[in-house]
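Novice: I grabbed these lines from TrEMBL:
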type: BINDING; residues: ARG160, GLY190, ASP211, SER258; note: S-adenosyl-L-methionine binding site
type: BINDING; residues: GLU259, GLU262, HIS263; note: Mg(2+) binding site
Amino acid sequence: MIRLAPNGARVDPGTFLLGIFRGRDRKRWSLSVAMWGGHKMGSSGCRFLGGLRSGFRGAQAGCPRLTTSQAVYSENQLSWTLRIKPRVFSEYRIMWFKSCSMTFAYLSKMKSYRLPWTRLYGTSQTTVDSSEMKTFLALAHRWWDEEGVYAPLHSMNDLRVPFIRDNLLKTVANHQPGKPLSGMKILDVGCGGGLLTEPLGRLGASVTGIDPVDENIRTAQHHKSFDPVLDKRIEYRACSLEEIVEETAETFDAVIASEVVEHVIDLETFIQCCCQVLKPGGSLFITTINKTQLSYVLGIVFAEQIAGIVPKGTHTWEKFVSPEKLESILESNGLSVLTVAGMLYNPFSGYWHWSENTSLNYAAHAVKSSVQEHVVPAEFALKGETEELRAEASHNSGVCEELKR
């Protein structure tokens, strides 16, 4: 048995730890291969293994035959068991694994084919939580009540608007006075009633606000209609981010997800979609809530159940995300995190202020790499290697013949 890392071991995605080959039965040895990393193998990987199986069937009779006996899926581990049935071996019991090692190397390499620009997510994979939509639908008419349930978001503009503006201005040499963001295209994901969309439009940017709740978009459309300037600079659409990925790929200079990621059901897919619609060198801005005991006590127990600062059921602690986890997801999708800053809200004064403490709320700014690798899809990259492995198996059959003698 060739064993890999035991359960619970920390192994980089796609890394294989080979152990000891052992066994006395000449008729059967089992080779177990496990891949760690928290992600399931894609369909292309399964097709690849199937191709290998059919390829090895055509090998010489003296060469070991590989058949896939079982596949076991779990949340943190994908385990494939390949059974090797060799013919008669010499007393040294030598096994040649060159072809197999090439197979493992390419299974490992396939883990890298999850770069976001190799596949665009469509409407079949959504990040929208239907239960969350019901909550915001009931509050759709209250977005512009500055003393109501959305008062903290109105006040948050004092921090997040300058945060977005100042970081975007670092990327341009010149800007127009009064309209510093003129010429920039910004996507406001989960825009709600347009509380953040409108200030960005007033800074000169062309802003697209999207939200899956129709009533939120109606409220935003109605409010911007009172300002003819904003009516020209802002476009609202009732849709999810996944629905516009293909048509807006690499379109926006900046994507904003403010107080949104703690409401989605698939954070990684959401971040991938954000990256796909960004231009190379574009900025992603996120504000959200950290996943700590303090955020549970103050953000849910106090804010929702005791003080009533936000309606009950607005947040789910399990969906909160720590800066470390968010940074890991961002970097795995080709984004470099430049800034993470803590934000604190004073419920008595109604104001926000910056803090070095990120245990409650925080803001993050990440930039998409301006130089991107153009990765060949796994289906095409592995097609040629399958042929090479078949040839290698045929070559090794001669070695097996020698071992018999």
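A Cβ is built for glycine as well, from the same backbone N, Cα and C atoms used for every other residue.
I'd like to know what surrounds each of these features in this structure.
Specialist: Around ASP211 (S-adenosyl-L-methionine binding site), the same-chain residues at least 6 positions away in sequence with a Cβ under 8 Å from its Cβ are GLY190, CYS191, GLY192, ILE217, ALA220, TYR236, ALA238.
Its Cβ placed at the centre, GLU262 (Mg(2+) binding site) has 23 other Cβ atoms within 10 Å.
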Novice: For ARG160 (S-adenosyl-L-methionine binding site), what is the tally of other C-beta atoms lying within 10 angstroms of its C-beta?
Specialist: 22
Novice: Sequence gap of 6 or more, C-beta under 8 Å: which same-chain residues meet both conditions with respect to SER258 (S-adenosyl-L-methionine binding site)?
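Specialist: The list for SER258 (S-adenosyl-L-methionine binding site) reads MET156, ARG160, ASP188, GLY190, LEU196, PHE285, ILE286, THR287, given in order along the sequence.
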Novice: S-adenosyl-L-methionine site residues ARG160, GLY190, ASP211, SER258: biggest Cα-Cα distance, Å?
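Specialist: Among the residues the record ties to S-adenosyl-L-methionine, max Cα distance equals 19 Å.
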Novice: Would you mind checking how many other C-beta atoms are within 10 angstroms of the C-beta on GLY190 (S-adenosyl-L-methionine binding site)?
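Specialist: There are 25 such Cβ atoms around GLY190 (S-adenosyl-L-methionine binding site).
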Novice: Would you mind checking how many other C-beta atoms are within 10 angstroms of the C-beta on HIS263 (Mg(2+) binding site)?
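Specialist: That number is 22.
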